[in-house]
Amino acid sequence: MSGSVSPLAPKTFAEMPALRGVRMATAAAGIKYKNRTDVLMMLFDRPASVAGVFTRSKCPSAPVDHCRQNLPGGIARAVVVNSGNANAFTGKKGREATRLTAEAAAKAVGCSEAEVFLASTGVIGEPLDATKFAGVLDKLAASATQDFWFEAAKAIMTTDTYPKVATRSAEIGGVKVAINGIAKGAGMIAPDMATMLSFVVTDADIAPAALQALLQAGVEPTFNSVTVDSDTSTSDTLMLFATGAAAGDGQAKVEDAADPRLDGFRAALDDLLRDLALQVVRDGEGARKMVEVTVEGAENDAAAKRIALSIANSPLVKTAVAGEDANWGRVVMAVGKSGEMAERDRLAIWFGDIRVAVEGERDPAYSEAAATAVMQGETIPIRVDIGLGSGRATVYTCDLTKEYVEINGDYRS
């Protein structure tokens, strides 16, 4: 957890309502940090539907393997998350730590280990001492309450400077339902399935298969469209749970994601995921500016996204943003190296509303002062027209500052 809050942090935080069917508690287990909570336990009063997306890293953490193994069952009764240790690249010791944690959680809750989901975040390669959970999970299960979202978000922070929370409401068949979510992430963030840790819960009654389809569709334009440093974590986990408590209000269970009754819910879920994803970008390690990169006129949407990511992940583009330098030549460079089709003499580039380049050269009406004024803002919009087709995509990133180097140079100390 950083000592100073990001200047891009929300000015106010969402008031997180209690959500029926789920309770939470946190504790300080001393996994790495001192004088702060580092374990979160989330309990479901009744079996909840569960969906999840995870890192595509070829070196996934032991908790990710555990979640993937349990996900096909479609049911969750408990989630245990720890910060300070990723339990990744820890071999047999890591798998044993995961087994012991799931076993202890299942015993505390009174459920099967197959209904327990785990996540860890922190240093890679350090064995996780699961004995630190001894006695802790029993106490958490006994003390869990419904209105603990903000504290839950704080417990899973690492280099984050503020807790990330969001809430939305919707209607399904005329019955009001709520959606609450938390996330953590500030570094090692790149679009690849989930790109950090996030846990979203609704009191809607939705079957696991429908929930999975909703999550997979919602993640692409949100968490899969943000990047801080182009590095994909070994531990990326995004999970969505449905407690089904709204059935008590007369909400009929939804089995199919294509059911039109889910239209409002889908929109609310997508909006919440976008909110959390942008909070992650705004808390990028050392970030002082957020960057919105939009590419249009590419061969197709996939090509547009790859070009946008080439721009967003370019250290030269990101340092130019940090220095408030309207260096559109670096954007040209990033387009050219993307591997996608681009015609140099058709390119047009805008910083905000200021067109800085057109038809392969600097705009004849280019104003350094006007472009610099855009770069001095807190949010920097960069738009590129490739001039070839109708493909379009938007991704979000942040600047690259000296503080990023300092934070990551000192991370293990």
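Backbone N, Cα and C atoms are what each Cβ position is placed from, and that goes for glycine too.
Here's what Swiss-Prot has on this protein:
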type	residues	note
ACT_SITE	Thr195	active site, nucleophile
BINDING	Thr158, Lys184, Thr195, Glu285, Asn408, Ser413	substrate binding site
Greatest C-beta neighbour count within 10 angstroms, which of the binding-site residues Thr158, Lys184, Asn408: Lys184
DSSP-derived class (H/G/I helix, E/B strand, else coil) of Lys184 (substrate binding site): strand
Assigned conformation of Asn408 (substrate binding site) - DSSP reduced to three states: helix
Glu285 (substrate binding site), number of other Cβ atoms within 10 Å: 27
DSSP three-state assignment for Glu285 (substrate binding site): coil
